[in-house]
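Accompanying notes for the structure given below.
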């Protein structure tokens, strides 16, 4: 039985809800610009190509990978309010920087790279959030709390593209405040909105958040984060070594899960622009809608797995989620015979005065060299001829793309919440800040390699190679899960203190 006063219970859950909000804002900070990074990059710096886009997306995760273990270690020995406030303030400042990357006259792409890296550094507080929730919930509460945390993260991924889609109504030009050297347009307004949400989050952390700690049975004990003193309430229930084989295996599985999802979200805009001849604005708008619907699907999944896990267990659900992701990427392979529209054909068909045919065979990022007349607003669309695979690789039909989105949107949230839940249970009641930092870092590493991998493979070899390799990675992760399946049990269950 859990012995807890009503006042302590309410305070504990109010603090957990603040952690939910922090997780939500962290994901909003990532997703609110994810669909517009590519067209904005093309707009502010024509020298940037699709390969550099991969580094822009990956920079967020580089920052998070560096920060997560540091913030996790910090939260093990000091009040968690400190790393939470500092990390959120860094994100606010970085979002403001992103709004000004258009101002310099050169090297704009590197300023964008820096801004996204700093936003990612601030997002290292995810490790603090997860470790707090793991320590502030009993074993019975853990799956539900972790599912709620991931649901808040998913809602952030939903509303981020929704906000971006709404802000497209402002247009690419928008309004300019000359006295602030600030352009409020469809690219900068979302990040300024994200900065405002961050400021609100800092205020709530100061006003509402309090430190709480319970063991696997739900019994309250004094947290070392409360006043910097070591707790003398940690009894024999914390004795015993952590199964590091299970810990390493879950880090690898989590890496794969985040890797495939990073590939999925990074490739969405370039893929649809290449396959369906969408303009930059159309790609941002339509993918924003698609990802918003998938996000709603993910939230529903999070709610369902909380109930389903009580009947089948987290390990079986993780296995099913990986299988669904595998099927989703398998469907995304090019199967038909129809080739995508080639971009240079679209340009040739346009009437551009004063240009010779040879001048029309240039890459789309070099179009300013064509010196289009001021009244010419046509944007070249289709698969650029500079990507040689465009000439012989069948297009991916829209039905394939939508079906794949639905399946990945089903499998990813299942894998995400089950990985976190199993990880926190394997670690047990000991301080989890550093371990959660490493798990977050492994996910961040996946977000680094995923965009770089897909931007390079996709650009040079095409979707067939890119998605085939992803399928192979998921198959290997399924084999690993089978090998360590029996070791993925809770700390207290492992030492016979609780029944599984």
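Note that Cβ sites are derived from N, Cα and C of the backbone, with glycine treated the same way.
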Quiz item: Which residue range, 134-152, 172-190, 191-209, is the one TrEMBL calls transmembrane segment?
Solution: 191-209
Exercise. Check each of the ranges 284-305, 350-371 against TrEMBL and return the one annotated as transmembrane segment.
Key: 284-305
Exercise. Rank 17-40, 154-171, 401-423, 465-485 by Cβ pairs under 8 Å to the transmembrane segment (284-305) and hand me the top one.
Key: 154-171
Quiz item: Under 8 Å, at least 3 Cβ pairs, sequence separation 6 or more: does that hold for the transmembrane segment (113-133) versus the transmembrane segment (84-101)?
Solution: yes
Quiz item: Ranking 154-171, 245-264, 317-336 by Cβ pairs under 8 Å to the transmembrane segment (17-40), which is first?
Solution: 154-171
Quiz item: Who are the chain neighbours of the transmembrane segment (84-101) in space, where the CB to CB distance is under 8 Å and they lie at least 6 residues beyond its ends?
Solution: 22, 25-26, 29, 33, 44, 67, 71, 108, 111-112, 114-119, 121-125, 128-129, 181-182, 188, 191-192, 194-195, 198-199, 201-202, 205-206, 209
Exercise. Given the cut-off of 8 Å on Cβ pairs that are 6 or more apart in sequence, determine whether the transmembrane segment (245-264) and the transmembrane segment (465-485) share at least 3 such pairs.
Key: yes
Practice problem: Please figure out which one of 52-72, 154-171, 317-336, 401-423 racks up the most CB pairs under 8 Å against the transmembrane segment (465-485). | Solution: 317-336
